[in-house]
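Contents: one structure, followed by commentary.
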Amino acid sequence: MSGLNASLGYFVAAVTFVVSVRFLLKKRPRFSFISEFTSSFMLVACWLEVQTIVEVGEWAGGLGPDVTLTILFVVLLTHGIICGDASGNPSLAVQKFMKLEATTVTTLLDVAAQFIGAHLGLLAAKYYWSLELTDMHMIKNLMISECSTSLLVSVLQGFFTEFACALVLHIIHLNLCRRSALIRVPLIAVLLTFLSHSAKGYTSAYMNPSLAYGLTFHCSGFTFAEYAVVYWLGSLTGMTLAVLLYMGHIPRIFVKNLLYSQKTRFRVPKTDKIHMKKKLAMLEC
């Protein structure tokens with residue numbers, strides 16, 4: 001229990017930092033990209049601690065998979081509630097760009113902030129482990145130099161795993177984006193927890209390039225380029241296909257709808273067509 005209490009204090013500290021920064025930013029909307037920084041920081045810092053509980057706590061602390069899954073769900077739910085629209089996910093930032101909801105500069109700032117937040121989240125977790133407050137963290141601190149990669153299959157299998165999971169996530173996210181946060185946030189948290197657990201023996205289904213960078217890119221076993229193909233290209237490809245299937249086209253690239261007909265559901269009566277033609281003729285005169 002001492003290990004869980006220490007982890008709880010760590011989670012509270014990360015949440016407090018994010019809430020404080022977001023409160024300070026309320027009066028400075030121009031620096032909204034900092035919200036993406038804090039969102040990514042919280043996600044990586046907290047997920048690394050969840051990863052510690054999974055890797056060490058299950059055999060050193062007697063914590064079962066039900067406990068670790070519950071902790072992951074609570075972390076994701078808290079992240080969704082506190083961070084709101086700041087996802088901390090570069091795939092979602094690019095998705096907004098493809099849907100013409102964000103400019104090029106805004107997207108670049110958001111993505112850069114997300115990766116910086118992920119890197120600082122990794123550094124914060126390493127510093128916390130170095131304090132060795134519990135036996136679990138002492139063991140984790142010894143394992144830092146030889147961490148276990150999350151990619152447990154070939155690069156091709158990993159790519160298709162991340163692609164399929166990202167496709168499912170973004171299709172559901174696009175369908176829920178206009179729903180109330182009371183419905184959307186818990187459902188997304190459940191979905192992320194389920195996909196992560198289901199893909200545990202493959203890639204852990206991060207579906208988030210900056211999260212994957214913070215959690216597994218520094219681990220040995222694969223090169224940086226191989227990790228990028230799986231966790232960056234796989235996630236972005238799945239997201240792109242999701243936008244295409246949901247909207248019928250990618251607004252940033254194609255103006256014409258490629259998949260769905262744009263015909264109106266109701267036919268215009270012939271008499272109305274005649275009156276419209278007469279009005280047009282009078283205007284031309």
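A Cβ is built for glycine as well, from the same backbone N, Cα and C atoms used for every other residue.
Note that TrEMBL annotation is computational and uncurated.
As given in TrEMBL:
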TRANSMEM  6-25  transmembrane segment
TRANSMEM  37-54  transmembrane segment
TRANSMEM  66-87  transmembrane segment
TRANSMEM  108-129  transmembrane segment
TRANSMEM  149-169  transmembrane segment
TRANSMEM  181-199  transmembrane segment
TRANSMEM  229-247  transmembrane segment
The transmembrane segment (181-199) and the transmembrane segment (66-87) contact flag, 3+ Cβ pairs under 8 angstroms: yes
Ranked first among 37-54, 66-87, 149-169 for CB pairs under 8 angstroms with the transmembrane segment (108-129): 37-54
Chain residues outside the transmembrane segment (6-25) and at least six past its termini with a C-beta under 8 angstroms from it: 31-32, 34-35, 38-39, 41-42, 45-46, 49, 52-53, 71, 75, 78, 82-83, 86, 124, 128, 133-134, 136-137
Residues from the same chain, set at least six apart from the ends of the transmembrane segment (229-247), whose C-beta lies under 8 A from its own: 91-92, 94-95, 98-99, 151, 155, 158-167, 169-171, 174-175, 203, 206-209, 212-213, 216-217, 222, 257-259
